[in-house]
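All remarks here apply to the structure that follows.
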């Protein structure tokens, strides 16, 4: 029986490329991709809702409006979205449509490369960056039905020479421009969140510096068609680890779901929009005012799905904990302080994706 080509992970393991597996037209998926029931089935009485209008939508033009009433209304919407949902879409964001189109076509082009070409970017020993899969900690761990390409893009000194500089020139130049635009958009959101949270003036500079000099990473995701989509998962349910994630859907195939009050809600990306979500670190910094949310990616039997997630996180040297002005006698600290972001990153490298397990470990 023909076998899929293997890709080497940074921990020394070798696993099949799911994109290559899908080319074999299997009747059944390999056992390592069969999820435990609790990862697939909904809680008793829960359902999947396909109404994307339940997801808040933030208009960046209104958020930046010089008209005080318009700006305040949109700021209130942003605050509500972060408190009550942890997920929202942004429209009128100012990112040039031609750049977004280039991102989509170049990422599609990368995954269309031959396996031999893609493995030139495979993960090196002890590293999570590169082509492969993430969060694989054991030989018997259930695998996601996806291939990914992960790399740090900011600050510049974190870019790996064997990855970023070796990308095909059109992809590298496109990612370079996209990285800059995502950084600008993230800082608009962080600055407005500070205002909505009424962070005291003495702390605003310190909070902004955590992210203005912070890290940015990108993860390109490829979810091929799956012969048994009811048994597999594209991306295991989890909350994101860092500050803010900005997601761009590459094609028209849906798959992102978020968990709200025991219900999985299917997110339908709006045209010319990004999906944004709060991460665990931002929940810690806001002392639980803003919430990170469990989400997952599901797969289907007929169509491939692609996306790119851009993660905006603190600088590695930043000490993580609740912002002091958000701690009061009525709202005591909910999370531990004192660890640097870099230390927490190293700790998370040893974890598999598992809901909000990291955040739970940080609770007081």
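Backbone N, Cα and C define each Cβ position, glycine as well.
DSSP labels the residues of the domain 'Fe2OG dioxygenase' (214-314) in these numbers: 6 helix, 45 strand, 50 coil. What Swiss-Prot records for 214-314 is domain 'Fe2OG dioxygenase'.
Feature annotation from Swiss-Prot assigns 2-oxoglutarate binding site to 223, 305, 307; the stated evidence is experimental evidence. Taking Cβ-Cβ distances under 8 Å and a sequence separation of 6 or more, the neighbours of residue 305 (2-oxoglutarate binding site) in its chain are 221, 222, 223, 234, 250, 251, 253, 254, 255, 297, 299.
Swiss-Prot lists 238, 240, 295 with the feature Fe cation binding site, giving sequence analysis as the kind of evidence. Neighbour density for residue 238 (Fe cation binding site): within 10 A of its CB lie 21 other CB atoms from the protein chains shown.
Looking at residue 238 (Fe cation binding site) and residue 307 (2-oxoglutarate binding site), their Cα atoms lie 17 Å from each other.
Taking the Cα atom of each, residue 240 (Fe cation binding site) and residue 307 (2-oxoglutarate binding site) are about 15 angstrom apart. Among the residues 223, 305, 307 said to bind 2-oxoglutarate, no two Cα atoms are farther apart than 9 Å.
Counted within 10 Å of its Cβ, the other Cβ atoms near residue 240 (Fe cation binding site) come to 23, all protein chains included.
Here the domain 'Fe2OG dioxygenase' (214-314) returns a mean pLDDT of 95 for the predicted model. Between the candidate binding-site residues, 223, 295, 307, the densest Cβ environment within 10 Å is the one around 223.
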